[in-house]
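For reference, the structure discussed in these notes is given below.
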C-alpha cells in the first residue's frame, strides 16, 4: 500500500514535469488514442469474465483438469483476439487524418503515439491473460506487487526522459517496455504457483458443452455498451473542443484515477469472496453482507467526493499553474460522477460476480447511446460541462440496471427502500460538503502545498465526524463497527501469537 501511495505521488510529479517540458497537446493525444483503442477491447467479448466465473467454481472444487481446459480456452481465443485487434488497429491507422483534426501536433508524433498504444494493448492480449487465474484464486496481490515494482521503475525512467531529454518518444517506449516486463514476470510466477498447468487441446464441442457461446453472446452486449459509454468522452472532447482541452482534462482525471485505483486495489480483493458468498451462503446472510458493504462504499464515495470538490481546483493551481484550470462547473459535474459511481460500486460487484447477463442488457445499450448523443449535442452549448452531463445521465441508467438486478434477481426484494435511503444519504453528503467547503474556505488552505495537505486532512476528519454523528444509530453503521472490531481482534491475536513464539 505504501508503494502504491508513493507511485501515486510520483505520477503527480511526472505529470507536473510533463506540463512544464512537453506540449499539453501530447496529453490530449495520448488520452484520445487510449479511449479509441479501448473501443477495440470489445473484441475481447467478455471472455475473461466468462472464464473467471468458471474458474471460481473449479478452484473451489480443486478440479485441475477443468482449470487446465478453461485456461487453454482462454489462451487460444486470446491469440485470435490479439490478431483481430492488430488487424483492426492497422486498418484504423489509415483513418487517423479523419480522427485527429487538430494540427497542433506534428503528424509523425500522431502516428507514433497511435502505434505505441496499439502495441501496449496487444502485449496485454498476448501476455496478460494468465492474470485471470490469480484473480479468481484470490491471489491478485501477486500481480499487484509485480505491477507496483515495475510501475515504480517505469516512473523513474519516465521522469528522467521528460526532465533530462524532454523526449516523448522515450517516455512512451519506457511505458510499453515495462508493461511487457510485468506481464512476463507474472507469467513466470503463474508456472511456479500452479505447476499442474499445461496447454490442452480445445475443440468446438468443449466450448458448446460449457455454454461458452451463450454466455459470451450475452456479455458481449455489456462489453460493447460499456466500451462506447466509457470511451466516447475524450473522443468527443478532442473532436469538438480540441486536443488542448483534452490535455487539461487529463490533469483532472489524474487525481481521479489515482484515488480510484488505490481504492480499487484495496477493495477488489473482496470480489472473489462475494462470488463465494453468493454461491454458498443463504440469501439472508448475503443480503446482510450486501447492506454492510453498500454502506461502506457510500461512506467512501462521500469522503472522496468531498475531497474532490474542495481540493481539486487548488491542487491543479499549485501543481500545474492557473493556466491549466478548467471551470468550476466541470469540477462540480466530475464530483457528482465520482460520488454516484463510487456509492453504487458494491451493486456492481454483486451483479458482476453473479453472472446471467441477458437480464439488463437493454439498460447498458441505452446508457451508451444516451451518453454519446447527449455529449455530442451538449458539448456545443455547454462545453465540457455538457459532456459530463451526458456521462452522468448515462451513468444513471447503468446504476439502475445494476441495482434492479441485485434486488430482483439475486435477493428477490423490493428496492424502493434502498433507493430512498441512497437519495436522502446523498442529500446529507451534499449538505456536509457545502458546510465543510465554507469552513475550509480560508486562503491559507489553498496557497501552499502544506496548506493544501492540511485542507485535505481536515476535510477528511470533518467528513468522518459528520458521518458518525448522522449515521451512528443505523444498523449498517453498527455492522461496520462490529466487523472492524472483529478484524482488529484477529490481527491482535496473530500479533500476540507471533510474540509468544
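Using N, Cα and C of the backbone, Cβ positions are placed for all residues, glycine too.
Just so you know, TrEMBL annotations are computer predictions that nobody has curated.
Marked as transmembrane segment by TrEMBL: 35-56 (among others).
The feature transmembrane segment is assigned by TrEMBL to 76-100 (among others).
TrEMBL lists 112-129 (among others) with the feature transmembrane segment.
For 141-162 (among others), the entry in TrEMBL reads transmembrane segment.
The transmembrane segment annotation in TrEMBL covers 295-312 (among others). Among residues of the same chain six or more beyond the transmembrane segment (295-312), those with a C-beta under 8 A of the stretch's C-beta atoms are 252, 255-256, 259, 263, 331-332, 334-336, 338-346, 422, 425, 429, 432-433, 436-437, 440, 452, 455-456, 459-460, 463-464, 467, 471, 474, 476-477, 479-480.
If you look up TrEMBL, you'll see 423-446 (among others) marked as transmembrane segment. Listed as Cβ neighbours of the transmembrane segment (423-446) (distance under 8 Å, sequence separation of 6 or more from its ends, same chain) are residues 298, 301-302, 305-306, 309-310, 313-314, 317-318, 339, 343, 452, 454-455, 458-459, 462-463, 466-467, 470.
Residues of the same chain lying 6 or more positions beyond the ends of the transmembrane segment (452-471) and with a Cβ under 8 Å from any Cβ of it are 295, 299, 302-303, 306-307, 310-311, 314-315, 318, 428, 432-433, 435-436, 439-440, 445-446, 477. Feature annotation from TrEMBL assigns transmembrane segment to 452-471 (among others).
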